[in-house]
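**Student:** TrEMBL feature annotations, pasted as is:
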DOMAIN    7-406  domain 'Enolpyruvate transferase'
BINDING   Lys22, Asn23  phosphoenolpyruvate binding site
BINDING   Arg93, Arg122, Pro123, Ile124, Asp125, Gln126, Asp305, Ile327  UDP-N-acetyl-alpha-D-glucosamine binding site
MOD_RES   Cys117  2-(S-cysteinyl)pyruvic acid O-phosphothioketal
ACT_SITE  Cys117  active site, proton donor
Amino acid sequence: MEQYIIKGGKPLKGEVNISGAKNAALGILAAAIMTDETVTIDNLPDVRDINVLLQAMEGIGAKVERVGKHVVKINGKGISSISIDYEYIRKIRASYYLLGALLGKYKKGQVALPGGCNIGSRPIDQHIKGFKALGATVKIEQGMIDTNAEVLRGNHIYLDVVSVGATINIMLAACMAEGKTLIENAAKEPHIVDVANFLNSMGANVKGAGTDVIRITGVQSLHGSEYSIIPDQIEAGTFMIAAAATKGDVVIRNVIPKHLEAITAKLEEMGACVEELDDAVHVFANERLGNTHVKTLPYPGFPTDMQPQISMLLALSKGTSIVTESIFENRFKYVDELARMGTNIKVEGNTAIIDGVEKITGAVVSAPDLRAGAALVVAGLVAEGYTVIDHIEYVERGYEDFEGKMKALGAHMDKVDMEDERAIQKFKLKIS
Ligand SMILES: CC(=O)N[C@H]1[C@@H](OP(=O)(O)OP(=O)(O)OC[C@H]2O[C@@H](n3ccc(=O)[nH]c3=O)[C@H](O)[C@@H]2O)O[C@H](CO)[C@@H](O)[C@@H]1O
Ligand SMILES: C=C(OP(=O)(O)O)C(=O)O
């Protein structure tokens, strides 16, 4: 098993290119099997979750052809099974988008209950409510969700909680239902809009994505398309935080600055400088930042997927900050790991009370989930001495070539097998 090794203390400097959005790509890939024609998808991030979903799609008979590192051609004509193997599902959350896609196209589908980051209980009742409203029967037996419909008919669906996953899943199925569907209290994240735009490029009729009411008029079939995925808001935000935390100066390219506004606003409140360019943001900081308070909320609020990273930054800032996690109940597991590095964070229920410290020191820590792992990497970049991060497979679920991109910004960071004494010596020699 490999780990990240980081020698902290170097300000990040230079330019970094952001990859395509993982959470948009997952919905788009699932949607791609809804046509029998070929779909070409560009700006696909080369990350673990995407590769697992592509394997799951191949597993049911879809043709998946990698044309380059970031381009894939998909053809769903040869699909011979509507049942997704448990092996793939337990590894990722968004495998359940295949359920919405299969239900829309074939009026039936079967997947195991999904995995993904262990950040809370993560029920799927709203997905099920949506499928049932469209006329499907949904059974959960022996860990499998089995859905089936004679006919799918559009309906009026009010989501009791704002859910990214349920909004996308219902949108997928409703695209090929008879008549009109109205999703009220829909999620508004940039990836919802991207999935809707992709569906429309295949001939679907989805209106209002990005607002809380989405109107879908079902069509009988979808056709092939060529589509490029939007940049990853969370990867970009993570580099923004890393630039500020290391008192660096970084231009973060291939982003949509509008998607980053909540993060930009918080960084500016803390005293960092953020310049918005056309498709880039320039982030720099010269001194220790000040405190602020953060509450995670659905888009356009502050994203829960950025909560560990900003909490880490606040742990180094002046004064006391309060971070309230209002989306997931178990997203502070990284706090104990950060404490090994010398931070002072107290968690009470869904709130973290963060007393900023002036410096932290390297330690051996373990990534409990994807974004928490990214926050530990940022901590390692700031800490005095060496930090070793275990369980980087979580980080690799969502960050493409994280160590490569950090190294290009001047970070002393590598991926090594800690049992390989020579690799560690090589890393130490390289930076001495
Ligand atoms: C693959 C993907 O895109 N993952 C993202 C997606 O996860 P995911 O789609 O799982 O998150 P949701 O937006 O669905 O969850 C939001 C809240 O709604 C609750 N809920 C959700 C569905 C449901 O049927 N019932 C219910 O109660 C959840 O427990 C949570 O408290 O959005 C989250 C919130 O922005 C992000 O943190 C994840 O990175
Ligand atoms: C929590 C995340 O992913 P998932 O929903 O796939 O677990 C994430 O992307 O931060």
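Just so you know, glycine gets a Cβ as well, placed from its N, Cα and C.
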**Student:** For Pro123 (UDP-N-acetyl-alpha-D-glucosamine binding site), which of the recorded positions Lys22, Asn23, Cys117 has the nearest Cα in space?
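**Tutor:** So, spelling it out, the nearest of the recorded positions is Cys117.
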**Student:** From the recorded positions listed here (Arg93, Cys117, Arg122, Pro123), select those whose CB sits under 6 A from an atom of ligand 2.
**Tutor:** Arg93, Cys117
**Student:** Filter the binding-site residues Asn23, Gln126, Ile327 down to the ones within 10 angstroms of Cys117 (2-(S-cysteinyl)pyruvic acid O-phosphothioketal), Cα to Cα, kept in sequence order.
**Tutor:** none
**Student:** What does the structure give for the C-alpha distance between Ile124 (UDP-N-acetyl-alpha-D-glucosamine binding site) and Lys22 (phosphoenolpyruvate binding site)? Integer Å is fine.
**Tutor:** 20
**Student:** Over the residue list Arg93, Arg122, Pro123, Ile124, Asp125, Gln126, Asp305, Ile327, recorded for UDP-N-acetyl-alpha-D-glucosamine, what is the maximum interresidue Cα distance in Å?
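**Tutor:** Largest pairwise Cα separation, rounded: 22 Å.
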**Student:** Please report how many Å separate the Cα atom of Ile327 (UDP-N-acetyl-alpha-D-glucosamine binding site) from that of Asn23 (phosphoenolpyruvate binding site), as a whole number.
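**Tutor:** Rounded to a whole number, the Cα-Cα distance is 16 Å.
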**Student:** Quick one: of Asn23, Gln126, which of the binding-site residues has the smallest count of other CB atoms within 10 A?
**Tutor:** Gln126
**Student:** Give the distance between the Cα atoms of Arg93 (UDP-N-acetyl-alpha-D-glucosamine binding site) and Asn23 (phosphoenolpyruvate binding site), rounded to the nearest whole Å.
**Tutor:** 10
**Student:** Inside 10 Å of the Cβ of Ile124 (UDP-N-acetyl-alpha-D-glucosamine binding site), count up the other Cβ atoms and send me the figure.
**Tutor:** 21
**Student:** Which whole-number value in Å describes the distance between the Cα atoms of Arg122 (UDP-N-acetyl-alpha-D-glucosamine binding site) and Asn23 (phosphoenolpyruvate binding site)?
**Tutor:** 16
**Student:** Within 10 Å of each Cβ, count the other Cβ atoms and name the one among the binding-site residues Lys22, Arg93, Arg122 with the highest count.
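**Tutor:** Top count of Cβ atoms within 10 Å goes to Lys22.
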**Student:** Can you give me the same-chain residues 6 or more apart in sequence from Asp125 (UDP-N-acetyl-alpha-D-glucosamine binding site) with a CB-CB distance under 8 Å?
**Tutor:** Asp160
**Student:** Report, in whole Å, the straight Cα-to-Cα distance of Asp305 (UDP-N-acetyl-alpha-D-glucosamine binding site) from Asn23 (phosphoenolpyruvate binding site).
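**Tutor:** Per the Cα atoms, Asn23 (phosphoenolpyruvate binding site) and Asp305 (UDP-N-acetyl-alpha-D-glucosamine binding site) stand 11 Å apart.
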**Student:** What Cα-Cα separation, expressed in whole Å, is found between Asp305 (UDP-N-acetyl-alpha-D-glucosamine binding site) and Lys22 (phosphoenolpyruvate binding site)?
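**Tutor:** That comes out at 12 Å between the alpha carbons.
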